[in-house]
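Student: Let me begin by handing over the structure; questions about it come next.
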Amino acid sequence: MSTMATFNLSSFNPGLFILLGIPGLEQFHTWIGIPFFIVYIVAFAGNSILLYLIFMERSLHEPMFFFLSMLAGTDLILCNTCVPKTVSIFWLGPQHITFAGCLTQMFFHHFSFVMDSAILLAMAFDRYVAICYPLRYTTILTRQIVIKMVVAIISRSFCIIFPCVFLLKRLPFCRELIIPHTYCEHIGIARLACADISINIWYGFAVPIMTVMSDLILIGISYTVILRAVFNLPSRDAHQKALSTCGSHVCVILIFYIPAIFSVLAHRFGHNIPLSFHILFANLYVAIPPAINPIIYGVKTKQIWDKFNLLFFPKVNH
């Protein structure tokens, strides 16, 4: 009877979880934390500046820059959800987190990842329209259409990830609540439960992968059509401008998808991959893209680079 009472109590009140960091690399935690802290500062500052420039400069109030501001906002959510806690673990040792806090971190981590994927697809569509139908760009991507796309992106991401919260809340936890990771993620929490988690495993793997892979396929189709259109452009300047714009998008897409897909597949199938390598890689994909994205777009996009120079180096520009 007391065992059943304990089991029921653990179902509804899991208590505090402990985030260990990267098992096997504890002696290097302090040193690992330094580059992560620097990357976090770069990501926070870069995306904040990008948002400020886009919202304050009327010349940047176009669909392409609006989607870029969404990407910057989502990247801020992604890095703020995981990296500060990660750095505190590296520098202060294992950290406690409540079950509600763990679920919140898990939701925003996965939500921002799916959001990023959908925004990159929207940006690919924007470039497709701009290059393949330049004269109809403003009539196709109207304010109303852009708002509908934004609502669809947010709604889809929410509907995909929110069920994970309920899939975890239904589970009983009756063992040590120690997570060998730097942040809470769906399968990592589920594996601590003393019940069948096959639904969690297949939902957590199949649904996001299907969603992200469909985004990736559509992005690939968009850029294939775009490249064909670019090489049919009459002037060399038009060639270079289109390729430069698309080049920055492709860089961001590769930086985002390659480590993320590797991390998901390694989690599901990579039983021979050392846990420390998997966790370190999982941390890189939540820290690196948010830091690199604003740098790529800032340097490669002339309008943003000009506004950046005007903001920080006004005397040089006069």
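Even glycines carry a Cβ here, placed using N, Cα and C.
The model shown is predicted, which means the values in this text are computed figures rather than measured ones.
From TrEMBL, for reference:
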- 46-297: domain 'G-protein coupled receptors family 1 profile' (DOMAIN)
- 7-25: transmembrane segment (TRANSMEM)
- 31-53: transmembrane segment (TRANSMEM)
- 65-87: transmembrane segment (TRANSMEM)
- 107-125: transmembrane segment (TRANSMEM)
- 145-168: transmembrane segment (TRANSMEM)
- 201-230: transmembrane segment (TRANSMEM)
- 242-265: transmembrane segment (TRANSMEM)
- 277-299: transmembrane segment (TRANSMEM)
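I'd like to know what surrounds each of these features in this structure.
Tutor: Within the same chain, residues 63, 66, 70, 103, 106-107, 110-111, 114-115, 118-119, 122, 186, 189-190, 199-200, 203-204, 207-208, 211 sit at least 6 positions outside the transmembrane segment (145-168) and bring their C-beta atoms closer than 8 Å to a C-beta of that stretch.
Packing against the transmembrane segment (201-230) from elsewhere in the chain are residues 110, 113-114, 117-118, 120-121, 124-125, 127-128, 131-132, 156, 160-161, 163-164, 167, 186-187, 190, 239, 242-243, 246, 249-250, 253, 257, 260-261, 264, 267-268: each is 6 or more residues past its ends and has a CB under 8 Å from a CB in it.
A Cβ distance under 8 Å defines the sequence-distant neighbours of the transmembrane segment (242-265), meaning residues of its chain 6+ beyond its ends; these are 71, 113, 116-117, 120, 123-124, 127, 131, 205, 208-209, 212, 216, 219, 223, 226-227, 230, 233, 278, 281-282, 284-285, 288-289, 292-293, 296-297, 300-301.
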Student: I'm a bit unsure how to read this: which one of 31-53, 65-87, 107-125 has the highest number of Cβ pairs shorter than 8 Å with the transmembrane segment (277-299)?
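Tutor: When the Cβ pairs under 8 Å are tallied, 31-53 comes out ahead.
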Student: Average the pLDDT scores across the domain 'G-protein coupled receptors family 1 profile' (46-297) and report the rounded value.
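Tutor: For the domain 'G-protein coupled receptors family 1 profile' (46-297), the model's average pLDDT rounds to 86.
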